[in-house]
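First up is the structure itself, then whatever we jot down about it.
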């Protein structure tokens, strides 16, 4: 039921046709950009493809294939062979009777075969009695023939039912197949001219036990049905579907290869010959569950990003990437141009390889051409790097770290405070903070020097400067006092002429610096 979709997508249905979930979705059609405010942002519902505006969901029941359905459905049946037993008796002169038995076939009738089968299954003794040889009749000196018709039932005889045309396949049929069973003709001819094959159940359709009833949500717009959310929570689009009968039941073959029987008012073409449906097994159901879980996880991440935007009242290119539609269909695209939040209607398509949307350096393909950027900004968090490469947040490459750094540094406030009821304005005619955010920093215009210190750092620097200045003043005052000492003091000190003895390393006593110097030079 899923080669590999969605749609999810896309999704599934989209290439949520399974086995290969799209690595990315990008608009193939992008409407004009219009400015919006922060509270206009919203997370897309990736579990429903907003296809052509069909967002009205209503509960309904539909029929799909059972898990374990296989292309060759086993149908139990039986063969019925008509046998005529002939007993020929001859009675001679003395009364001896000679009996000779002979058998031959006849073409049985379906009604008689059905009755014989019912006798056999019910253990009715009439079936066993019907197989006995006829009780011979005799007449003196005459030959008498007695015949008895019997129906030999052999069961089970298993055949394969083709669900597409309800034909039966078995080696017991001429050419290996039988397509003659209808309401009025409930048997098949076999390789034996006097043997017919019949299904155990008179209604062959009940042998085609491959359907199950499920509950889902129909996505519609007015009388038009665009798709539905199946029982596992995955959206399936009816775009491109065609009518196909399985076991005589009319249904729709979807683009992802699944089959459903549901009522729609739209005219749908018949599928071309040879159009088959995919196997519905536990693996396909598990893939659908995994895709749904991934889409739910991505929606939670989007809601977290949206909550962060509303809390901080700011948005970044990286956060905008969470708001991208993850499955093909109609949605929104967001971007930031010249510090203005912009929105555009978009129709998303799935991307399987990055080369599809980045064919060359600096080119982001949208539709059939390279999409222009505005100051290095595209949309949905896609930007142009400093080296000219297109940077996509979800792209796993060596540029991812560089991309993350660029995106994280691009956080700017976008929600106008006039739209925020929690904004508190200043008294008087003082400039409001939200205005200053959009103006150049006047401090940087006054001085090109910026120490980068916080407020407390500035105070520490001022205190340290004051202490250094105080120490310098004390040092200067001390020097001035020494200079202003009386000359008498200096003369008295000079006339004293005291000798200072300093012990040398050799143990001798040196009386003055001059003696120490001359002695040291002598030793050297």
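We count from 1, first residue shown onward.
Using the three backbone atoms N, Cα and C, a Cβ is placed for every residue, glycine included.
Going by Swiss-Prot, these are the annotated features:
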SIGNAL    1-19  signal peptide
TOPO_DOM  20-459  topological domain 'Virion surface'
DISULFID  43-302  disulfide bond
DISULFID  54-226  disulfide bond
CARBOHYD  56  N-linked glycosylation site
DISULFID  80-113  disulfide bond
CARBOHYD  177  N-linked glycosylation site
DISULFID  178-188  disulfide bond
DISULFID  208-247  disulfide bond
DISULFID  242-271  disulfide bond
CARBOHYD  338  N-linked glycosylation site
DISULFID  363-370  disulfide bond
TRANSMEM  460-480  transmembrane segment
LIPID     480  S-palmitoyl cysteine
TOPO_DOM  481-524  topological domain 'Intravirion'
REGION    487-506  region 'Disordered'
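For the recorded positions 113, 177, 242, 247, 338, a Cα to Cα distance of within 10 angstroms from residue 188 (disulfide bond) holds for 177. Reduced to three states, the DSSP call for residue 177 (N-linked glycosylation site) is strand. In the three-state DSSP scheme, residue 43 (disulfide bond) falls into the coil class. In terms of C-alpha distance, the listed recorded positions 56, 226, 302 place 226 closest to residue 242 (disulfide bond).
Look at the disulfide-bonded residues 271, 363 and count other Cβ atoms within 10 Å of each Cβ; 363 has the fewest. In this structure the C-alpha atoms belonging to residue 54 (disulfide bond) and residue 43 (disulfide bond) are separated by 17 Å. Checked against residue 271 (disulfide bond) by C-alpha proximity, the recorded positions 56, 80, 247, 363, 370 yield 247 as the nearest.
Of all the recorded positions listed here (80, 302, 480), it is 480 whose C-beta has the fewest other C-beta atoms within 10 angstroms. The highest number of surrounding Cβ atoms within 10 Å, among the glycosylation sites 177, 338, is found at 177. Within the same chain, the residues at least 6 positions away from residue 370 (disulfide bond) whose Cβ sits under 8 Å from its Cβ are 362, 363, 364, listed in sequence order. Taken together, the residues of the topological domain 'Virion surface' (20-459) have an average pLDDT of 77.
In this structure the C-alpha atoms belonging to residue 208 (disulfide bond) and residue 178 (disulfide bond) are separated by 16 Å. Take the disulfide-bonded residues 113, 178, 226, 242, 247: by the count of other Cβ atoms within 10 Å of each Cβ, the lowest one is 242. Classification of residue 226 (disulfide bond) by DSSP places it within a strand. Cβ neighbours within 10 Å of residue 188 (disulfide bond), excluding its own Cβ and spanning all shown chains: 23. In this structure, the C-alpha atom of residue 113 (disulfide bond) lies 21 angstrom from that of residue 177 (N-linked glycosylation site).
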